[in-house]
Structures are given as structure tokens and as C-alpha cells.
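Listed features, source TrEMBL:
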type: TRANSMEM; residues: 23-43; note: transmembrane segment
type: TRANSMEM; residues: 55-78; note: transmembrane segment
type: TRANSMEM; residues: 99-126; note: transmembrane segment
type: TRANSMEM; residues: 132-154; note: transmembrane segment
type: TRANSMEM; residues: 175-196; note: transmembrane segment
type: TRANSMEM; residues: 208-227; note: transmembrane segment
type: TRANSMEM; residues: 239-258; note: transmembrane segment
Amino acid sequence: MSTSAATGYASEEPTHAPPWHGLVVWDVFFNALTTGLFLTVAVGELTRPTAFAPVAAWAYPLALAFLLIDLLLLVLDLGDPLRFHHMLRVFKPSSPMSLGTWCLTLYSFPLAALAVTDVLGLLGAIPTDCSVHAVGRTVLTVVALPFAFGSMAYKGVLFSTSSQPGWRDARWLGAYHVASALALGSAALLGLAAVLGHDPAASLLRPAVAALVVVQGVPLLCLVRELQPELVRRYPRMQLWGGGVLVAGVGILIPLALLPVWSVGMVLFVSVGAWVTRHFVVMIPEA
């Protein structure tokens with residue numbers, strides 16, 4: 001038996017690239033935004049409730065809005081709106097797709113409850129200064145935490161377990177997606193705190209945002225090293241240089257410079273860097 005016959009199609013590239021365009025990039029981006037924002041504000045509220053509770057009342061509804069956008073994009077990605085529902089018929093923890101679908105679903109319920117409670121509290125429809133309200137929020141937050149992290153982590157793992165060129169070599173994609181999501185979410189929370197004028201939360205967030213923006217560069221460098229052969233083969237050199245400038249300069253260096261003086265602008269630059277990185281990775285088969 002010949003070597004090619006023995007290995008079958010394992011060494012060959014897929015005949016067709018997935019019919020994905022910018023929609024999937026936005027799906028992965030909003031996944032990072034909703035989970036990163038939730039995890040940041042949840043940890044902040046659980047550890048420093050006095051400083052973060054006023055911001056959390058606005059952050060949870062915002063995280064829910066990002067999640068709804070992400071779910072809409074995900075359903076459109078799948079092509080058939082019923083496919084997401086069909087995946088909930090089976091629970092297979094060894095499958096990133098199955099585990100991710102269940103995590104997204106189980107993350108959405110406590111987040112929705114938190115968001116609705118906060119909106120009603122902001123409107124004055126329910127009391128927010130009683131112990132029942134505080135305990136209920138804490139329970140919902142703790143319940144949502146593991147599912148939020150699972151929703152965040154599965155995206156990168158899902159891509160790296162595919163057979164598509166580039167993606168199959170991206171073993172650091174999961175780590176980068178998690179680190180970038182935390183940087184993106186903490187930056188968004190800092191921007192929200194700045195807009196709302198909550199200085200205690202903003203003061204605590206600034207050093208955390210700076211650290212997370214820098215730390216995300218470590219898995220990013222490892223990811224670029226893994227993908228370098230495929231990136232060079234598929235993208236024009238000038239496009240790669242431009243992307244590198246946007247990711248490193250606009251997504252990391254400029255936000256660090258703006259952090260002490262312009263929090264809202266810093267969020268925009270971090271978002272650009274996060275989106276561009278995901279664009280280059282997701283679109284490899286189409287390049």
C-alpha cells in the first residue's frame with residue numbers, strides 16, 4: 001500500500017474553504033466582548049462591591065446586549081437558525097462546538113436575569129438596597145462565571161481543532177482569545193466607568209487594564225509564530241505589515257499611552273487591535 005493511500009486525506013488540504021466572511025470575525029469579536037466584560041465586572045463586584053456595584057448595574061445590561069449580537073451573528077454563521085437549537089439536543093463535553101453551545105446557553109440565563117434586574121433597579125421599579133437583592137445578584141453572578149469562561153475559551157479551541165490550513169496549527173489561539181477578551185472587557189468596563197464618572201472603579205481598573213493589554217501580547221506572539229508560514233503564504237507583505245502596525249501599535253502601544261488621559265479613546269484602539277487580529281486569523285482559508 002502506498003504512503004498516500006495509507007494516510008488517506010489527512011495530509012491534504014480541504015477542497016473548499018468555509019463560506020465565511022466578515023460575519024464570523026464579528027461573531028468572535030463580540031464573543032470576546034461580552035464574556036470579557038462580564039468576567040471583569042463580576043470579579044470586580046464580588047471582590048470590591050462598593051467600588052464596582054454602581055458600574056455593574058450598567059455593565060451587565062451592556063454585556064447582555066453584546067451577547068445577543070453575538071448569538072445573532074452565530075445563528076447567521078450556521079446558515080440555518082435551527083442548527084443552534086439542534087446542537088442542544090446532545091451534550092458532548094469532548095466536542096468544543098457542543099460544549100461551547102451549552103456554555104453560551106447557560107451563560108445567557110443568569111446574565112439576562114442580572115441585566116433585567118439591573119434595568120428595573122435603574123428605573124426604580126424594584127428596591128435595590130435590600131439583602132434579598134444583594135444575595136440574588138451574588139448567586140446569579142457566581143452561577144454565570146464558569147459558563148462565561150467556557151463561552152470565552154471554546155472559540156479558540158474550536159478553530160484550532162479544525163482541519164483548515166492555518167487554523168489547525170493555531171494551538172495558541174485559545175489562549176490569545178481568552179487573554180484578549182479579558183483585556184477588551186476590562187478596557188470596556190474602564191471606559192464605561194469613565195463615562196459614568198465612577199472614579200473608584202476607574203482607579204482600580206487602570207493598572208489592571210494596563211497589565212492585561214501587555215499580557216495579551218505573549219500568546220499573540222506565540223500565535224503569530226505558529227501562523228507565520230500560512231500568513232506569509234496567503235497575505236501580501238504590505239497587508240501583513242499594515243496588520244502588524246494596527247495590532248501592535250493601535251491595539252497595544254497607543255492604548256497604554258492613552259490610558260491615563262483618555263479612557264474612552266483607549267477602548268476604541270484596543271477594540272481595533274482585537275478585531276484586526278481576529279480578522280487575519282479567521283480569514284486565512286479565504287485569503
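Note that the numbers count up from 1, one per residue, in the order the chain is shown.
Positions of Cβ are set from backbone N, Cα and C atoms, glycine also.
Under 8 Å from some Cβ of the transmembrane segment (132-154) lie the Cβ atoms of residues 31-32, 34-36, 38-39, 42, 45-46, 96-97, 99-100, 103-104, 106-107, 110-111, 113-114, 117, 121, 126, 174, 177-178, 181, all in the same chain and six or more residues away from its ends.
Highest Cβ pair count under 8 Å relative to the transmembrane segment (239-258), across stretches 23-43, 55-78, 99-126, 175-196, 208-227: 208-227. Contact count against the transmembrane segment (175-196) (Cβ pairs under 8 Å) is highest for 23-43, out of 23-43, 55-78, 99-126, 208-227. Touching of the transmembrane segment (99-126) and the transmembrane segment (208-227) is ruled out by the presence of fewer than three CB pairs under 8 A, sequence neighbours closer than 6 excluded.
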